[in-house]
Number of protein chains: 2
Amino acid sequence: MKKTTASTDARVKIIPLGGLEQIGMNMTAFEYEDSIIVVDCGLSFPTDDMLGIDLVLPDITYLKQNIDKVKGFFITHGHEDHIGALPYVLKEVNVPVYATKLTLGIIENKLKEHNMMKQVKRKVIKYGQSVNLGCFRVEFIRTNHSIVDAASLAIFTPAGVIVHTGDFKIDYTPIFGDSADLQRFGELGKKGVLALLCDSTNAIRAGFTSSERTVGHTFDNIFAEHSNSRIIVATFASNVDRVQQIINSACKYGRKVVVEGRSMVNIIGTAMELGYINIPEGTLIDIEQLKNYPDEKTVLITTGSQGESMAALSRMASSIHRKVSIKPGDTVILSSTPIPGNEKAVARIINELSMQGANVIFQDTHVSGHACQEEIKLMYSLVRPKYSVPLHGEFRHRKAQAGIAESLGIPKDNIFMLNSGDVLEMGMEGAAVVDQVTHGAVLVDGLGVGDVGNIVLRDRQNLAQDGIIIVVLTLEKYSNQLLAGPDIVSRGFVYVRESENLMEEAHAVVETATYDCLNKGVTDWGKIKNVIRDSLGDFLWKRMKRSPMILPIIMEVDL
Amino acid sequence: MKKTTASTDARVKIIPLGGLEQIGMNMTAFEYEDSIIVVDCGLSFPTDDMLGIDLVLPDITYLKQNIDKVKGFFITHGHEDHIGALPYVLKEVNVPVYATKLTLGIIENKLKEHNMMKQVKRKVIKYGQSVNLGCFRVEFIRTNHSIVDAASLAIFTPAGVIVHTGDFKIDYTPIFGDSADLQRFGELGKKGVLALLCDSTNAIRAGFTSSERTVGHTFDNIFAEHSNSRIIVATFASNVDRVQQIINSACKYGRKVVVEGRSMVNIIGTAMELGYINIPEGTLIDIEQLKNYPDEKTVLITTGSQGESMAALSRMASSIHRKVSIKPGDTVILSSTPIPGNEKAVARIINELSMQGANVIFQDTHVSGHACQEEIKLMYSLVRPKYSVPLHGEFRHRKAQAGIAESLGIPKDNIFMLNSGDVLEMGMEGAAVVDQVTHGAVLVDGLGVGDVGNIVLRDRQNLAQDGIIIVVLTLEKYSNQLLAGPDIVSRGFVYVRESENLMEEAHAVVETATYDCLNKGVTDWGKIKNVIRDSLGDFLWKRMKRSPMILPIIMEVDL
């Protein structure tokens, strides 16, 4: 049996390890006999209740348990939710990484930061090329997205061909390179595709996502209209095409360009080096040179379009940027729409910029990178898969894609709304979820990976809500005699100076509770702590309707 | 001089005490000689950094300092951001409250909760009626908003007439009562208006806000299309007109109606009692009776359209509601748009409802209650004020209204972008900000009003970020001999069991620091605490890149 020719009784497993319960953390394993390949390896950002957490990684227990089978990572594009977990995961599962040139360039920036360039094997794959790995052959197909060099994957398995779109849109007039390779999708579909794993992010939006090029026309109009003021454009660092268009407008209107913000400088540097952006000689200037040009002859391209408080734009707006301050008359273009959850931060930055006298423009200055309903229909109509597995998006988005798939004639039983960890086994004869593997979220806090979990988070939530009250007392080891305390210390509870009465009453409550225990001859410290916790807790709830964390500590002195 | 006839040298003061830096907390004082009247008395909800805070009230120091001058509160409508602070403020400044009938009904619900019905004087004012109070005459003018019985105010002062729109829109085809009294605005404008204080909330939106009635048509269509399923509609409790339209559709399609959610039940109860809603006999049923009717003959009207985790809809979605669970096939209508900041919570509830198999509808099911650009232009064109003071909205919204005012011919110098606390003095001869009075936010946490401030909040933020480590040791009073400890206790930092090494190393660091101090004969406990805090802090930052709060506590034993 030739490996990549479908056999009627062969069955391949599709195992999403992240990305289905939340935006981000995209990672899907494909398994056939002794081979596993993994598509994408993304992180997600903490939700509001993950206090103090910096990043969230997918749990890769299943890969570690099957480490001998794992052959490699195939990465569809260079966004954090598809590559961000790589440095962490490769430390535990060190297998080769395959990606297009810019994607790999961005990955290499990360590997350098983690000092991992030497030990990680990696290979640039061109559109149309394939990689043979274990029982699989993986072909990279050209597609469009809000970052250049995005790829869909055709995964040839003994059970049939699986098409994984990655994040995609169809842009007939892209800025760099060509439109998505619709012909290849059609060709694959004509020959027969087992399953389509398709991006659902915009599946609740009607119509067709506009071309990136439409934003360029908006920029041209804004540049023409605001020819007397400095222009500052904030956008996503990774949107190289967007930056290209800002540079095009700048050149057209004779402005010098400054690129500012660490991640923006990094990615544009990589894009220039690899030939993904075209900047005419003499256009870019250093931020230090800005003062040598009149305002109306300059453009700043910067990070911070999501209102991130530490990004360059925010620092400019609050005048804590080392080099640039917003001044009255500046034109500031926010070239992005708020990612859900960032709306208030974006509103805040617009207010701050407006207060500094800037003219803030945020309409028609962005297009999405994800396929809307008509593009999803187009993809299904080209690929015509036997099975549909909506990927990438919250439940409601994936459900919407399931509805689209059904409307296009895919039987309901052939559409799989998976959960992370599900093992979907499929072949020409049928498909079903046959198992569940370990999956979940690993929290990164500072340098600690996985040492903060639900109990620690619940403590942080309690502490955040009403603070903490610590009750300390020192007992003699043998006699249980009270040598010192009980003392009360609080943090994050009330202004102690303005609540002297309250704290005195609380102290009396704790003293009574302590003496009650000691006089009754209670020697079990756990019990003493419980009595203190309960009586102080009751008192504070009745008196204040608050529940601070109460932490009794007993010290023991051996006289 | 007749009080309410404008004199050319009289100057009235306008003093916003809240509502300009944030949405909510609306409160504006008007002062002339020995008279102060106050328009609205709202609260706002805590921002993300106000951990553990329940409500935010405006600082009324200025009113308390001038308590003899304060004559009364005039309330424009019954939303929390206009009435919510009343029970707290009236405890300190007990003066009469004037409002329309439904507004006062809703205020009375609050006063009952706070046991304040007896001591607060209040009076229902009809549209077109005036109240004479001190140097002022205040006339209530009919307007439209997302709550019935909203009023604009014409404040006749010795310096001229000031029009305060309150929150408003212009609805030519309202559900209850009549359209805004455009003729009266025009009449006042014709006679001459000194200043217009106008709602800015939607000033960045083009066009004209749709009539509430359009939502009714959507409801009818949805009811017609989903005649086989139970329908659940979530909306704002206070939107009586919206509830009326749901009931209209229910009657038209022969369904019984259950009202669920405490605030919904309260406000609908008040609206029924006062005649603001018309519910045909036999339409309302108790939630207990629901089981006696087929699903397709019932409608639930409920709170929770903003994804509030404790509201009825959320409890139904997660099957913890005592009486109702979402079941496959239910049609759930979210009749609201997310308030900025609530987007993720709303997305979460849509996901949860979809996972339970409900069909969630949220398009064309809501209209705003605030005037868009064309309505603001209409208001300015009727009133034609000498001065413009954009109110209600973030800076960018108010700035947009300032732009509209300017485009309509009001000189830039006559448009005032105020800050809370500003004292804007104006008369026929001119206007200027002449002073600043105390203003700010008073935080309510449980039963405590104002006992949580910046230091406590900063502690809560620190605790939330990386938890707390408490270091306890017992010293002998005179010899400074170490009798017990140092012990380390942490909360919200790491799983101690899985980080044994780390905690052992931390303990060693603390021990070394402590013995260093004691061996050197340091007797200043403050110094010992600092050394412990610094050395442990350095260690944890280097090792973990985390900064938990470190709290050393020294107990003293007198042997």
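Cβ coordinates come from backbone N, Cα and C, glycine included.
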Given that TrEMBL annotates A:Gly52, A:Asp54 as Ca(2+)-binding, name the residue from A:Asp435, A:Asp445, A:Asp451 that shares the site. A:Asp445
Using only what TrEMBL says about Zn(2+) 1 binding by A:His77, A:Asp81, A:His82, A:Asp167, A:His392, identify which of A:His145, A:His366 is listed for that site too. A:His145
Candidate recorded positions A:Gly52, A:Asp54, A:His370, pick with smallest Cα gap to A:His82 (Zn(2+) 1 binding site): A:His370
Overall pLDDT of the domain 'Metallo-beta-lactamase' (A:24-217), taken as the mean: 96
With the cut-off set at 10 Å between Cβ atoms, which of these binding-site residues ends up with the most neighbours? Options: A:Asp54, A:Asp81. A:Asp81
Measure the Cβ-based neighbour count of A:His77 (Zn(2+) 1 binding site), defined as the other Cβ atoms within 10 Å of its Cβ. 27
So if the criterion is CB under 8 Å to a CB of chain B, which of the recorded positions A:Asp81, A:His145, A:Asp167, A:His370, A:His392, A:Asp445 qualify? A:Asp445
What number of additional C-beta atoms lies within 10 angstroms of the C-beta atom of A:Asp199 (active site, proton donor)? 30
Here's one to test understanding: among the recorded positions A:His77, A:Asp81, A:His145, A:Asp199, A:His392, whose C-alpha is closest in space to the C-alpha of A:Asp445 (Ca(2+) binding site)? A:Asp81
Recorded positions listed as A:His145, A:His370, A:His392, least Cβ neighbours within 10 Å: A:His370
Residue among recorded positions A:Gly52, A:Asp54, A:Asp199, A:His370 with Cα closest to the Cα of A:His145 (Zn(2+) 1 binding site): A:His370
